[in-house]
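Everything below concerns the one structure shown next.
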Amino acid sequence: MNIAVSKPDLTIRLCGPRGFCAGVDRAIQIVVLALKSYGAPVYVRHEIVHNRYVVEGLEAKGAIFVEELDEIPAEHRAQPVVFSAHGVPKAVPEDADARNLFYLDATCPLVSKVHKQAMRHNRLGRHVVLIGHAGHPEVIGTMGQLPEGTVSLIETVEDVDVYEPADPDNLGYVTQTTLSVDDTAGVIARLQERFPNLTAPSADSICYATTNRQEVVKQAAPGCDLFIVVGAPNSSNSKRLVEVALRAGATKSVLVQRAAEIDWDDIGDIKTVGLSAGASAPEVIVNEIIEAFRDRYSAVVELAETVKETENFLVNRELRNIELTTADMAFVNGE
């Protein structure tokens, strides 16, 4: 006789907004449309977004990812190369021009806005203070918009305390778009305390999607026995969500790329799980994780939503006459 084993009850607090932002959506669409328009291969400099699932999905369609332009073989120089959503230093398109490469720039428009803010500070004679994480592609790209020696990178309040600029009365700051809103506010406050004449950018540099995802996690995390963020270990905004969940009161918070990474033996007795996804994490993985919990629990999904995002960024002019179908994006959005 078969005896049915009841599953333990579980509430999943599903955060909204979550996952792809308009800049990530646009960048992926650019690669997909370039493949439809020009055929494979399409080269992409650096990961188009920081997510292996997305990268592997595009590779399956015919994209080839490289770190430098000199990796593109001579016989493929006529094929397009796409610059990633994180932005690139000015030297990269200059190098592409010197090699007679046709390139499509998938830099997020909000990152491009930070570039313009930094260049405006520089044009007006201010030394630029960039708040961001050393080595991140976006930071490398922003610093690469300016002449060497005209920008200083600050990561923490402690960095501010030891910062000694040549002209403390002539500084302007910008920030990486994917930082912790609260941490960045602390760094800016200390900068303003030390340098009262510090000039702010004309608009907030941290992007709407970063802010929205952090705000809903703050609301959903209290009372969660476990909070799961879908994202890659090299995704800045995803890692910030893990930190935000812990600070907001989640007992435990973890970053996973796939459901297979969840350590079920380590979960313990849980009643409430929070679930969000970084701006470069596809919805198909969120659904995969929900199904993994439903296999083990009698799970009820509750939507924790703050705002509905309606932002949409146009793709490059060269690609706007190419039809983008639901099937083209099913590998990340689901059917």
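Just so you know, glycine gets a Cβ as well, placed from its N, Cα and C.
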Matching residue for the [4Fe-4S] cluster site, where Swiss-Prot names CYS21, CYS108 - out of CYS15, CYS207: CYS207
Between THR177 ((2E)-4-hydroxy-3-methylbut-2-enyl diphosphate binding site) and HIS86 (dimethylallyl diphosphate binding site), the C-alpha gap once rounded to whole angstrom: 10
Densest Cβ neighbourhood among THR177, SER235, SER280 (binding-site residues), 10 Å radius: SER280
Between CYS21 ([4Fe-4S] cluster binding site) and SER280 (dimethylallyl diphosphate binding site), the C-alpha gap once rounded to whole angstrom: 7
Fewest other C-beta atoms within 10 angstroms, as judged across HIS50, HIS86, HIS136, which are the binding-site residues: HIS136
